[in-house]
Amino acid sequence: MRFFAVAVPAVFGALAFADQETVTVKDLTIRDNNGIQMAEFSLQEPNVKCSGNDFTNGNVVTCGESKYRFTVTGSNSDYKLTLYHETGLAAGRTGSAKAPVYCHAGGNGQNDFVCSQVDDLKVTLDS
């Protein structure tokens, strides 16, 4: 009985961690001109490229032909990247992180900014 009392929590604890994954975001670029006009980046593992240009009303964009999706929210150098990974029919993981970016004038008016990733960005996704 003692083995059961120790083994069951250990198994369920391991299962909880199995429902997590951490992805590394590289080369994030955001274009903001009175609203986010474009965002693009790569997920280092599993080597997926993501790009989108419609983030109005919380729109979620699919990363190429992969099972990853994303959205970007925020403004004025304060952005949040939310990632989704579909792992099965109506099942998946999600996670969000503040995007470490530096923004500079984009050249298309006073409200046009191009923001580039300046530090590592790891996002933990869980169910």
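The backbone N, Cα and C atoms fix where each Cβ goes, glycine too.
Features of the protein shown, as given by TrEMBL:
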SIGNAL    1-18  signal peptide
DOMAIN    18-127  domain 'AA1-like'
DISULFID  C103-C115  disulfide bond
- Mind tallying the domain 'AA1-like' (18-127) by DSSP state, helix then strand then coil? 4 helix, 74 strand, 32 coil
- Averaged across the domain 'AA1-like' (18-127), what pLDDT does the model get? Just tell me the whole number, please. 95
